[in-house]
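Report on one structure; see the data block that follows.
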Amino acid sequence: MEFLKVLMNKIVPHQAHRIDNGRTPTEVHRPYKRTHIPVNMSATGQEASSSPTETSEMDLEEYPPGFPSESSSGMAGSAKRGDEEDMDITRANSLNPDQNFLEKMEKSASQSNEGKNPEFEVFFEEGSMDPENIAMHISWPRKYYVSTLVTLISGIITMISSCWSLVAENVMSHFHISREVGVLGISLYIFGLGCGPLLLSPISELYGRRITFIFSLSFSVAWQCLVIWSPTIEGVFFGRFLSGFFGSSFLSVASGTISDIFTKDQIGIPMTFYALAPFAGPSLGPVLSGAFNKDSYRWPFIVMMIVSSVLLGLVTFTVPESYKPVLLIRKARRLRKETGDDRYYAPLEVLRGDANILQLIFLSVKRPIALLLRDYMIGVLSFYTGLVLAIIYLYFEVFPYIYPKLWNFTVMETGLAYLGLLIGMIIVCPSCLIFQKNYARRVERNGGKSTPEMRFEALFYGAFCTPTGLVIFAWTCYSHVHWVGSLIGSAVFGAGVFFVFVGVFAYTVDAYRRFAASAMACNTFTRCIMAGVFPLFGRQMYEGMGINWAGFLLAMVAVGMIPVPFLFTKYGPVLRGKSPYAWDD
């Protein structure tokens, strides 16, 4: 993404001062429009607007889940705010440890662009009916079909991660391995989900979303086959890691597809369901494995492989490319063919000729690590989301221990016990609409100026719901207490997890802006590593400490995180002022 921004910084100034075909400079559009995807529900959401709005050349083309609003209620339309952002970006650049690298790429991009006439650079006019501008041609039923498909695949990818929980016993028996080794089936898959975007996101930025979907899902299905038919446990584990690695593209890239085809006033509902998918999938995985695990550990994975293969076919033949830089290449090719003039070009064509994919991957790895090590806010918030997600995956290891021991649950009944988490998340999902309205009112009371700390409302609820749910779960896990009590606790915890992710994602993208993609990559990597580690010791902790005290220990750790939103609300502006990456007032 940095290569795109460097290139755009070189191209836009030429465009901004020219008069093209008789238009005044103010009528000239940038090469492609970018649409804000603000938060009004779940981990991602939107704020109504009649049309997409053009942003500065510093904005991100592909917004990660949770991108905050810059609408009329807050930042949009404010020239003063835009100037402040530009000044802040300049300040952040001066402190950015990757600046020398970016300067080299800017120089390289400039050299590659020499001889290119900016008059022949192609772009989409606002409201352009160019055949390549798919957002203007795709029908609303197809929009919802595409968004539903990528959402379903995102849920399936995460569902596969938790399918292992109830087949682990059969796997251990089949391969004659210990429990400590068997739990790696969950951990390695989650590690793959965390590492995959570091490779797949740069590919999507150079070659588009559609080819990334096809490439990654094809390999994910192939490695699922290894999980099913490998004669050794090493092959099973290797397949688990790589199927998660390649399947992760739908967790990092698919949100961009939805934002490409929907306008701001349309995107709320589809993005809400997409944001819920990564949480719904793991909750449903044990239900599937409990239903198909009776005869062989392979059957849940066979079912998932078949479903993934069908979805791969649908993606290949029915999902269009929606990434605007790639669509502009198609427009440039059409114009060159129609006019016979080879001078027409798209910005991404220049970038492809100059960019080194290994450098892209290196930067995509380097910056999140730098953020994690140098920025305390990102470190704390990443740890917070990692903690709550890690507890969810710890439950995938300990539920098969708790429910059969206390209430004599069968395998199928144990799988259904995970639905408490999902029910809690679904119940509170609509509350994000309220959070967005409250955010708009806070901005209005603040004279139309917003701050990232205004995004913390959901996190305040999450800070109290997560320990409350954990305490309820811990002290209702007695054989003489009805099992419904533990499900209520898990539902309250699930609601808290949802609130935590909404608040952290919204704040992160609003506070880090230009570096939002790197900040979100840092968050994703951290929480996946933590989620993969917790199952490794979860069963031993519950057996050694006892079910009640082990659960209470987790609750106390969550209590320790309660001050986070309060401290960041009070000291956030000061901390952002000291950060080399965050946006500063």
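The backbone N, Cα and C atoms fix where each Cβ goes, and this holds for glycine too.
Those TrEMBL annotations? Automatic predictions, nothing curated.
Of all ranges given (271-292, 513-534), TrEMBL attaches the label transmembrane segment to 271-292. Touching of the transmembrane segment (182-200) and the transmembrane segment (237-259) is concluded from the presence of at least three CB pairs under 8 A, sequence neighbours closer than 6 excluded. On the 0 to 100 pLDDT scale, the domain 'Major facilitator superfamily (MFS) profile' (143-572) averages 90 in this prediction.
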